[in-house]
Amino acid sequence: MKPPGPMMNELLAIGHPEVMAERRRWLASLAEERRLSEKTVDAYERDTRQFLTFLTGHLAGPPRLSDICALRPADLRGFLAQRRKGGAGARTLGRGLAGLRSFLRYLERNGLANAAGAGAVRSPKQPKSLPKALTDREALKVVTADAQLAEEPWIAARNAAVLTLLYGCGLRIAEALDLTPADFSGPVTSLRVTGKGGKTRIVPMIAAAAEAVETYRKLCPYHIEPEEPIFRGARGAKLQPAIIQREMQKLRAALGLPDSATPHALRHSFATHLLAGGGDLRTIQELLGHASLSTTQVYTGVDSARLLEIYDRAHPRA
């Protein structure tokens, strides 16, 4: 069954028209101004929809802006408690609270609410989970061009280029698919990347990544303007993450890789293998585009046996 679209989501959400109108504007701003990924925006849409439904039951009627303005920390804790009772884990609850804080801050900036109540609620403590990195041998299998399963050469080259950017440069999948010809216009050994929140960083581009992208661009049948995304779907539209995720599923089956071998696992592998090769955390933080060093520090806990296996080698694709 297909997930509900935006119109159905509006019908499912319960709130006064003035609240729903502001919510639509806020969601649009997340994608257009803050450049959050489609996945994050969809998650925030679900979280706020569930919160409005909770408030409707809590207030015995669809909430108005005045009700949102009068929210207390206890109201938010009650919502989180209900979600926890329904089986939501700490990560889901933390993301939900982050979405509500974002919505309330948006309303506060527009003089429509007070976000202090959300700020007074602590985020659930997140369990430490270690990245599931591929071995260097597994990662190389994935990014090798002749391992791609697509019948058309340009699509096989496209898939190989995207996956090589994830592993060879540590990009998020959304960052790779947003790349334009202009992002490659600097030195041949560097790449301009626009990450979360619209923040730009310059990352080194190893030869294998540069060659993979160049091969794709030579084979791609579509004309691409300097400010347009370079990676295209079969019909010429911007390539969507789901296509690369499906390609990775096929590669997993063909190469006998574990279920943990996902596009994002290639980014984890980039960081893990660099750390094992002697890279320092601060540099890896900058390469990954992490706002906080604490986010990067999770790589120090990666299985020591895996690190020892590749200890004396630098990045395998360098």
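Glycine residues also receive a Cβ, built from the backbone N, Cα and C atoms like all the rest.
It should be emphasised that the depicted structure is a prediction, and the values quoted were computed from it without experimental measurement.
Residues or ranges marked as active site by Swiss-Prot: Arg172 (among others). A coil conformation is recorded for Arg172 (active site) in the three-state DSSP classification, outside any helix or strand. In sequence order, Ser37, Leu166, Gly195, Lys196, His264, Arg267, Gly289 are the residues of the chain that are 6 or more apart from Arg172 (active site) and have a CB within less than 8 Å of its CB.
What Swiss-Prot lists as active site is Lys196 (among others), and the listing cites sequence analysis.
According to DSSP, His264 (active site) sits within a helical segment. According to Swiss-Prot, the feature active site maps to His264 (among others).
Other Cβ atoms within 10 Å of the Cβ of Arg267 (active site), summed over all protein chains shown, number 23. The active site annotation in Swiss-Prot covers Arg267 (among others).
Annotation comment: Swiss-Prot describes His290 (among others) as active site. Under DSSP, His290 (active site) is assigned to coil, being neither helix nor strand in the three-state scheme.
The active site, O-(3'-phospho-DNA)-tyrosine intermediate annotation in Swiss-Prot covers Tyr299 and rests on sequence analysis.
Taken from Swiss-Prot, the feature domain 'Core-binding (CB)' applies to 17-108. According to DSSP, the domain 'Core-binding (CB)' (17-108) comprises 75 helix, 0 strand, 17 coil.
Sequence annotations record features per position, and here Swiss-Prot assigns domain 'Tyr recombinase' to 129-312.
In the three-state DSSP scheme, Lys196 (active site) is classed as helix. Regional average pLDDT for the domain 'Tyr recombinase' (129-312) in the model is 83.
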